[in-house]
Amino acid sequence: MARWLPRSTDLTRFCQKLNRVKTLEDDMMETSFNRCLSTIDLTLLGIGGMVGSGLYVLTGTVAKEIAGPAVIISFIIAGFASLLAALCYAEFGARVPKTGSAYMFTYVSVGEIWAFLIGWNVLLEYMIGGAAVARAWSGYLDSIFNHKIKNFTETHVGAWQVPFLARYPDFLAAAILLVATAFISFGAKVSSWLNHVFSAISMGVILFILIMGFVLAQPKNWSTQEGGFAPYGLSGIMAGTATCFYAFVGFDVIAASSEEARNPQRAVPRAIAFSLGLATGAYILVSVVLTLMVPWHSLDPDSALADAFYRRGYAWAGFLVAAGSICAMNTVLLSNLFSLPRIVYAMAEDGLFFQIFSRVHPRTQVPVVGIVVFGLLMALLALVFDLEALVQFLSIGTLLAYTFVAASIIVLRFQQQKVDVPAPAATGQPNPEPHEGPSSGELKEYESFSDKLHLVDRAKSKEQREPGQLKAAFEPYLEFLTDFYPGEVVTVAVVTLMVSAICLCSILVFGNTHLHLPTWSYSLLLVLFSLGFLLSLLLIWAHEQQHRTQTFQIPLVPLSPALSIVLNIYLMLKLSYMTWLRFAVWLLLGLLVYFGYGIWHSKENLREPRPQRVSARYVVFPSGSLEERVQAVQPSSQPSAGLPDTDTDDCKR
C-alpha cells in the first residue's frame, strides 16, 4: 500500500509548483496595449468606480438606519481604512505596471495558486457588481416613468416565480450593458472619453447638491430635539463605517489600467490618491448637506437626496439629482466593464486561464474577446437573475483581494531584489541559471573560487545587509535567526501574523455572541492573539527592507499593511454565513479550473530549472570558512570530453 503513497520529494515539488511566483520581463513598460491614459484619465476612472449610486442611496440609508448624522464620522473612518488598502495598490501599480491588479500583485510576490484564486474571485465580483448596477440603473430610470417599463414587461412577457431568478426579465438592464460593451471594445481612449463625459455631469450635479444643500441647511436638525448628532452612539458609528467602507470599492480600476498608462510610476499613485481624496470629500460633504437639510430620522432610504429637495419645496431639483445618479451609475458600469476583461487577459496571458482571452485586437489594442464574452455574461446575469441575494458576495471577494495585496506588500519589501546576470560569451559552456542569493533555498553554483570569496565578503559585511536579513542591532539578541535564508523568517512571520489576525477578529466577532465565552477566557484569548500579532509584527520589523526606489512606496511598513489586514479580516467575518457558503462553492469551482487547466498551461512551467553540468561547488559554513567540492558531472545523453572520471575531491580552506 505504501507504493501508492506519494513520495516526499513529489509532494515538495508539487507544493513548489503551487507557490511559484511570476517572472517579470526586464522591460515592464513593453506591452501590446496602447499606453494612452494620463493621470487625469486614471483619476476620473477611479472616481467613476467609487462615486456611483452609493452617493445617492447609501448616505441616506446609513444616516437613517445605522448612524444618524454621525454618518459623517463613519465616512471619515471608512475613507482612512480604504486609504490603507489604496496605498498598497499604489505601490504595486507603480512598481509592477502590468494589468491584472490584485491578481498580478499576488502572483509576483506570494504564489501562483493564491493569485489564481484572487483573480477568480475578482472575476465574479466584477460580473455581479456590473449586473447589479445595471439593474439599479434600470430600476431608477423606471421609477422616473412611474414603473411603466416594469408593468409593460410583466404584462406582455410575464412574471416568474422561480428561485434565484428575477421576477421579470430586465431587458433595459441587459441593453445598457450591451451598449457599454460596444463602447468599451472601441479602445481605451474611447472608454476614457465616455467616462469623462459622465463624470463631468455627475460632478456638476454633486456641486449643485452641495451649493443648494448648504443654502437650505438648518443646524437645528443636529440638535438634541431631533435626536442629536450621534443617536446610535459609538456602535452605530462603527457599524456605519463597515457599510460605508464598500462605497470606496472601485479604486482598483486604476491599478488594473496601469499597463495602459503613459507614465505608470507617477500616474498610478497620484490617480489613486486624487480619486480617493475627492470621493471621500464628496461622501462627507453630501452627508453633511443631507442631514442638515431635513431631520435624519425622516429620510427616505431609497432616494434620500431627491426626497430631501422635494420636501423643501424644490421638486425640480429632483430631476437634476436623477440625472446625476444615472450618470454616476454609468461610470460604475464603464469601470466594471473596463477592468474585468483586463484581469481575464492577465490570467490568460500567464496560461492560468483559457488562451483565447489573451488575444488583443491589433487596431483597438484591447482584449476584445474578453470584453465581448464577459459583457454578454454580465448582460445575461442582469436579464434573468435575482442579484439581491448575491450582492453581499461582492464584499468578500474585494476584502480578500485587499488582504492578499497588503500581505504581498510586506513579502515584497523584504525580498531580495533580483540581480541581472550578464550573458556569457559564446564559448560552448552552459549558461548557468541566475540566482537571487541564498533565499532560493538550494545549493548555489559558481564558476570560480573568487566569485564565492566576493559573496562571502558581502555576507560578512554589516554595512551592506540584503533585504530579508536580520538587522545588525538585533543580531546579539536573535542570533539563532541568522541561520535562516534572507526573507524566510519574514515569510513565516507574515503567515503567523495573518493567523493571529484571523483568531483575534474571530474572538471579537463571535466571542460573546456565538461562542458565549466567559469573560476571563474572552479576555485571555484577546491578549494571547494580540501578543501573537504584535510579536509577528516586531519580528518582521527587525529585518532589513529593500532600499528606497524611485517609485512610490507606502510608508510605515509593515505597520500600515498589517492594519489593513486586520481591518479586512474583521469586515469579512462580519458577513453572513450564506455569503461564506457561496464563497466556498465558487472557490471549489475555481480549484477545478486551476487543477484541470491552469497548473498545466502555466507559463512558469516553461521556466522550470533543468539539470546542468557543474564543475565546482562552494558551500559557506556559519563560521565563514569555505569547502570546495569538485566533481565530474556527465550529461545523461553523451559523455563530456576533458573531464577526468575521478571520485569527488574535497578540500578545505
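Any Cβ shown, glycine's included, is placed from N, Cα and C.
The transmembrane segment annotation in TrEMBL covers 36-58 (among others).
For 70-90 (among others), the entry in TrEMBL reads transmembrane segment.
The list of residues near the transmembrane segment (102-123) in space but at least 6 beyond its ends in sequence, with Cβ under 8 angstroms from a Cβ of it, reads 17-22, 24, 89, 92, 96, 252, 255, 340, 343-344, 346-347, 350, 352-353, 374, 396-397, 400-402, 404-405, 407-409, 411-412, 415, 583, 586-587, 590-591, 593-594, 598-599, 602, 604. Look at TrEMBL and you will find 102-123 (among others) tagged as transmembrane segment.
Same-chain neighbours of the transmembrane segment (171-190): 33-34, 36-37, 130-131, 134-135, 137-138, 141-142, 149, 153, 257, 260, 330, 333-334, 337-338, 341, 361, 364-366, 368, 371-372, 375-376, 378-380, 382-383, counting only residues six or more beyond its ends whose CB sits under 8 Å from a CB of the stretch. Per TrEMBL, transmembrane segment is recorded for 171-190 (among others).
Annotation comment: TrEMBL describes 197-217 (among others) as transmembrane segment.
Positions annotated as transmembrane segment by TrEMBL: 229-251 (among others). Within the same chain, residues 46, 48-50, 52, 54-55, 58, 61-62, 66-71, 73-75, 77-79, 81-82, 86, 89, 222, 272, 275-276, 279-280, 283, 296, 332, 335, 394-395, 398, 571, 574 sit at least 6 positions outside the transmembrane segment (229-251) and bring their C-beta atoms closer than 8 Å to a C-beta of that stretch.
The transmembrane segment annotation in TrEMBL covers 272-294 (among others).
Below 8 angstroms of C-beta separation, residues 45, 47-49, 51-53, 55-56, 126, 129-130, 133-134, 136-137, 140-141, 144, 176-177, 180-181, 183-184, 188, 191, 194-195, 198-199, 201-202, 204-206, 208-209, 212, 216, 250, 253, 256-257, 305-307, 371, 374-375, 378 of the same chain, each at least six residues beyond the ends of the transmembrane segment (314-338), sit close to that stretch. Positions annotated as transmembrane segment by TrEMBL: 314-338 (among others).
Per TrEMBL, transmembrane segment is recorded for 366-385 (among others).
The region 'Disordered' annotation in TrEMBL covers 423-443 (among others).
If you look up TrEMBL, you'll see 489-510 (among others) marked as transmembrane segment.
If you look up TrEMBL, you'll see 552-602 marked as domain 'Cationic amino acid transporter C-terminal'. In the predicted model, residues of the domain 'Cationic amino acid transporter C-terminal' (552-602) average a pLDDT of 91.
If you look up TrEMBL, you'll see 554-573 (among others) marked as transmembrane segment.
The transmembrane segment annotation in TrEMBL covers 579-600 (among others).
If you look up TrEMBL, you'll see 630-653 (among others) marked as region 'Disordered'.
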Per Cβ pairs under 8 Å, the stretch of 197-217, 272-294, 366-385, 489-510, 554-573 packing most closely against the transmembrane segment (36-58):
272-294
Residues sitting near the transmembrane segment (70-90): Cβ under 8 Å, six or more positions beyond its termini, same chain?
59, 62-63, 101-102, 105, 229-232, 236-238, 240-241, 243-245, 247-248, 251-252, 254-255, 268-269, 272-273, 276, 279-280, 283-284, 287-288, 291, 402, 405-406, 408-409, 552, 554-555, 560-561, 563-564, 567-568
